[in-house]
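Marked as domain 'DhaK' by Swiss-Prot: 7-331. Annotation comment: Swiss-Prot describes 217 as active site, tele-hemiaminal-histidine intermediate. Positions annotated as domain 'DhaL' by Swiss-Prot: 367-567. If you look up Swiss-Prot, you'll see 396, 397, 398, 399, 400, 401, 402, 442, 443, 484, 539, 552, 553, 554 marked as ATP binding site, on the strength of similarity to another entry.
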């Protein structure tokens, strides 16, 4: 568990602030994350790497010469929001375009993708590289659909070295994908991790057993095995990873490997060295040539007791870049050649939002929106622990926390907007952005998009009637479908949202409140029925069979909020 904290809500932000304070020669804090504290050459591509917090030294610990130019930092185990990614890129990019590098998770794909679209509209060349090294999460044929784990380190290290050596954007992107496709990882755990402020881990592993094939967000493994000796654990890791070794003698590969034995949080270095001793024996027995092995903590999962093995199958190019010098707060190797140490003098910051003039009718509607969002905030707070418990069965256990953070951020943004005399449209637009920023993750992106799209139905110059309220809800659900890409039967929020929308349209006559209340009952029934479905999307997809018997937390939270909305409007 986390022993030292001030507030669970502020833990991630305070950790970043302390990291920057400890490394002022390398890092500068900007809205949404960190960038290098020194100037970078004009026209050099920027490598912006990121993801949720809780994985230190990934990702902010890898910003510096020879590696990353910036890192957006999400909340614990939640992807940074699109606006956070956008802010970090605007501060890091210096005329050479940008590579966005992140692990292949649904929330990161959504938020980084939305930021990339906005940046491209502004004329910045953006490339996306999703790390997908975890062999437990998909088949070899679907390698790029796998999730990213400790392979983040070599992929970003190699891409950063290529940029440092003078690669342009096309070349850096090519090298990053090449490194990703040459990287394989496999992990296991002996106990789950505990979120800051929580008293119980997200999952337990029975004494004498280990969870095999786990992720890095507190997800349980794909199966449980008996815990053997250190040598037996080493053999399992080695056999799983080397099963996907490419043929020697093809494409420049001849048995050279970069090897990373990664502790996930509480496995001590001495234990790791015992395991690595056996791995080194196996490598020698099978004729591998080991290039700059690493043993330590590189991509962690808070205090998870676990270990993972990563191998990068090297050719001449990848070996040269893997062994190149690097200087970051958490990862240093060799002596960097002369680099510009000129302190960064300018930073980009978003201008304050201008509030359009609004009519009294629209401002009255905005005040009602605030009341609804405050109701949402209370419902999410009351159900945070239960939603987290349900999510931990096959996911990372952060859904309750994300919904609580998001609804609180949206309610505060709406109050601030109303205090500035905003109308209904502007209030919902700002609330949607705030929900996405505060929550991060997939649910943050989807609820943020839903509120933003709902706001598009309203006007700042006119009031709103009951029909507009129904139209706004339907627009929000359509945005969830469009952005998330899920369909009914995938075991997501959509399984409750689509039946709700259809029932709402059918039940609505002249009063929105009763129709929403009636449709919310349909949504709840649909959410409960997701317990019978095997998850096909999101982090729970990897543990699909484990999700059977437990309803989808996103579908449940949607039904809860629609019930609260109906009750509020019926009063």
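Glycine too: its Cβ is placed from the backbone N, Cα and C atoms.
Here the structure is a predicted model, which means the values were calculated and not measured.
Overlay of Swiss-Prot feature records on the structure.
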{"residue": "217", "record": "active site, tele-hemiaminal-histidine intermediate", "DSSP (3 states)": "coil"}
{"residue": "396", "record": "ATP binding site", "DSSP (3 states)": "coil"}
{"residue": "402", "record": "ATP binding site", "DSSP (3 states)": "helix"}
{"residue": "443", "record": "ATP binding site", "DSSP (3 states)": "helix"}
{"residue": "553", "record": "ATP binding site", "DSSP (3 states)": "helix"}
I'd like the Cβ neighbour count for residue 400 (ATP binding site), meaning other Cβ atoms within 10 Å of its Cβ, all protein chains included. 23
Give me the CA-CA distance between residue 402 (ATP binding site) and residue 217 (active site, tele-hemiaminal-histidine intermediate), in Å, as a whole number. 14
Averaged pLDDT, computed only over the residues in the domain 'DhaK' (7-331): 95
With residue 217 (active site, tele-hemiaminal-histidine intermediate) as the reference Cα, tell me which of the binding-site residues 396, 398, 400, 443, 553 is the closest one. 396
Report, as a single number, how many Cβ atoms besides its own are within 10 Å of the Cβ of residue 396 (ATP binding site). 31
Taking the Cβ of the residue listed as 'active site, tele-hemiaminal-histidine intermediate' as the centre, how many other Cβ atoms fall within a 10 Å radius? 28
Taking the Cβ of residue 553 (ATP binding site) as reference, which residues of that chain separated by at least 6 in sequence fall under 8 Å from it? 387, 388, 390, 391, 395, 399, 400
Going by C-beta under 8 A and a gap of 6 or more residues, the same-chain neighbours of residue 443 (ATP binding site) are 107, 399, 402, 403, 406, 493, 554, 557
C-beta crowding around residue 402 (ATP binding site), within 10 angstroms: 33
